[in-house]
Every structure is written in C-alpha cells, then in structure tokens.
Amino acid sequence: MQQKYVIALDQGTTSSRTIIFDHDANVVAISQREFSQIYPKVGWVEHDPMEIWASQSSTLIEALARAGIHSDEVASIGITNQRETTVLWDKATGKPIYNAIVWQCRRSQPLCESLRAEGYEDYIRQNTGLVLDPYFSATKIRWILDNVEGAREKAEAGELLFGTIDTWLVWKLTEGKVHVTDPTNASRTMLYNIHQQAWDPVLLEALEIPASILPEVKPSCAVYGKTRIAGEGGEIPVAGMAGDQQSALFGQLCIDEGMAKNTYGTGCFLLMNTGLQAVQSNHGLLTTIAVGPKGEVNYALEGSVFMGGATIQWLRDELGLIRDAQDTEYFALKVSDNNGVYLVPAFVGLGAPYWDASARGALVGLSRGANRNHIIRAALEAIAYQSRDLLDAMTKDSGVQLKQLKVDGGAVANDFLMQFQADITDVEVQRPKVTETTAMGAAFLAGLAVGFWQSTAELKHKAGVERCFKPAIADDEREALYLGWKRAVAQVTSESVA
C-alpha cells in the first residue's frame, strides 16, 4: 500500500492532539482530547502520565478513523511536546512512580535557591544556556528522588528511567524498547551541556541525579523505533521529534541563521535561529538548541512574553470590555491612534529583557478623551511592543538585523495586531497558510527522516505564506510610539528612560 501520509503527535499542556498531513503538507484530519490538570498545593502543577498516554493514543486512533486512513498508508510518526515536564517511571513495569511534574510547577524553588547559594548559577547559564529556575526539569527530578519513597534507591540501582514527555511517548509507542530524547528537549532539562552536546556530569553530581536514568540523545530527525497503532497493522517508524517551540521554528522553516518566528498564544514565544553559534545573551534571553536544515543541531535565542493572549482574556473576563477576542480588531480600528494610552500588562511581573518580578500592570497616559476603544487598542499594541523588546534584545545579542518575522498561534488571525507588529518592529511579518506550525514541524522531521520528503528545499514549496504585512509608518512615528511604551514600562519598573 502506498504511503501517502505522515502523522504528528502534538502533546500539549492541556490537551493531546494528532494531526495527519498529506504529501503536500495539507491537514487531512485532526483529533484532540483534553486531560486533567492536577493542583495538589498552591504553585504545584501535575499531570497523570498514564492519562497523557491514553489521551494521545486515543487521538491517534480517532484521527486515522476520521480520515479513513489505514495505518499501512502512514510513512512515519513524529512527536512534538510540552517541554520540561518531568516523568520518572519503573523500568521493569513501565509504571510512573509519581505524577508528571509540569513545567509551570514552582515546588522546586528551594532547590534552586540552594544551587544558587552553592555558586552554580553562572555555570548553569554558561553550559546549559538556561537560567536557574524551577521551570526546567533538573530540580523536578531531584524533588521526586528526594520525596517519593524508595525512588532514590531504585534510581541508584538502575531501576528507574527519566524522560520529558517526548521520551515517555516514544517509550510507550515502542512498548518499552526505546528510551531516547532529542537535543531540543534535552536542552530544556538544565542537565544538558549545549556546547558539548552531552549530559553534564558536574550538574548531575550537584543535583545527585544518577546518569543511568537519563535517555540517550538522538538527532531530532532520525528513526527511533517502530510502533503498531492499537497493536494492529504494519510497523510504522517513530521518527522525528522536537520540543514545541523548536518544532514551530522548524515548521516555519526558520532553518538558517537570522530567521525567527513568534508564537502568539497565552504568552508569546520568540525564537531566532543563530546557526552553528551558541549566542550568550546579555539581555536575559535563553540560549537553546534548534534544528538545522538537515536535522542537525543549530542554536537559537529564545525570549518569552508572559502576557500575550492572556491580556485579551483580561479585557474580556475581568473588565468586560469585549465579548470575544475577535472583537478587539473591530474596536481598535474605530480610533485612528492610541491617544497616548499605553497598557503595560505586568500582571505577573515582566519577563525578558526586564526580568522584574515585582512589576505590576498599569494603564498609562489616560486623558479625558480616552475611551474603551483606546484601551482595547493599547492591549493589542502591548503584545507587539513586548515582542519588539525581545527582537531588539536578540539583535543586540546576535548582531543580526531581522528582515522577516514568521508568526503563528491564535492571535495571528488579528490583522490589526499583525500590521502593528510590522509597523513597530520595521520588519515584514509573514503569516503562514497552515497555522498548525508546531505539528507541521514534527511532521516535517518525521517525513524527512524516512525519505517521505527529500529535503527542506522541497518543503519550502509546501509551507506557503498566506499574507505578508509590511511596515507602513514613518521611522519618526515608529520611534515616538516606542518611546511612549518605554516610558510607560519605566513607570512600573526600576528602569529609567530618557
């Protein structure tokens, strides 16, 4: 039977999805299933790994059924996943010894403070590219080893395995035969030396984590093993794997130095491919691993905006200014400018490049003429201003002047936001035809690994641009608007602006 399709398993923070693509990179079928969020204490977040597997495997079966596709028609299966989330399981039984500790979970903050006191902060920054934070996997692993009865003894006896969600899914798909991860996911553990591309013995010793529990790191574009869907049909290669943001970067074909994408979700994730050079940031950005044109290791700078789409939710849920997120464009266009109104959405502090956890939100520049439309417009503009903050930081760190910004995520449907993003950054913004770029990245990697597609050059014809937004304001207007933003930010932080 001719193999006409590749499948992407897209395992996210709140739901598991399966997306089937044909040879022209069209979406043939999608299946999605939500799973439980577990909050045992304030600041703690967990998932049930078995529920994640059940939700993911059921969407795989459902997507095939919806498309009327037989498993023998599938060339390969790729994986993209929520990053950092940590699972430890028994090697013999395959059963988790504790719930998955989710990337959002802050329980291991005291462990981070201990590492900071012991002087590891600079070492972690220089060798892993990350900041010392509970966000990453390392201190989550240590917490499980310290707090689950018998865990440390089992780990030291070689009876436990660790994985981020990609590793867990491959283990389950291959019925316990394969224990692997890829460099993009490994680079988010705070245990992986991104320069030597190996697990870091200094950090393993500092955190008292046995190396025997760690997965083998294989390329992002490779065949890891084989699976049968629901135990039926022929064996399908499990091939191609990347963490969600790196997968979106590859799905947008940002495979060369200086190419960047911004994902507009609850927050915003901006990644710039820096090629073979691991750029150390002086502006609070993360240095991480990306995927190059042949599936090889490239590096990237990563910055995140805490409040993107969440700012629009605030307008709707707390202020009642809109009924639906889609309404924002209509109201923003009812006024010709922001009338001097700026919203700084520092509801949970500000991330890069400010890193001010104590900052809080503010509406700045209100006059008697300010109205609902100006506030809604200011909320949309704030998303673009924060993205410019990140882009400017990336330009300073990398020395690369961006020419184009590829975009994805729910908010890219907002034409006003996309045009303002182009205007305020003086960069062309490209919106893709297929917005499922995270899943598409995993599909591309899986297809390339088995020869379903021959090269990334071939893929450039598959991943088209739906619309380009070109900068349409003068330089002096752009800089006046941005100066207003910087002054607004200065009112909620300790920064001063001339």
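From the backbone N, Cα and C atoms, a Cβ is placed for every residue, glycine too.
Checking the candidates G225, G309, G365, G369 against Swiss-Prot: the one annotated together with T13, R17, T266, G410, N414 at the ADP site is G309. Matching Y39, Y123, Y135, Y192 to the glycerol binding residues that Swiss-Prot gives (R83, E84, D244, Q245) identifies Y135. Among the residues R83, E84, Y135, D244, Q245 said to bind glycerol, no two Cα atoms are farther apart than 15 Å.
The Cβ centroid of T13, R83, E84, Y135, D244 marks the sn-glycerol 3-phosphate site; residues of that chain outside this set whose Cβ lies within 8 Å of it are Q82, T85, W103, R188, G243, given in sequence order.
If you measure from the Cα atom of R83 (sn-glycerol 3-phosphate binding site) to that of T266 (ADP binding site), you get 16 Å.
With a cut-off of 8 Å between CB atoms and residues at least 6 apart in sequence, the same chain places Q32, R33, E34, F35, S55 near S15 (ATP binding site), listed in sequence order. Annotation note: R17 (ADP binding site) sits in a strand segment as assigned by DSSP.
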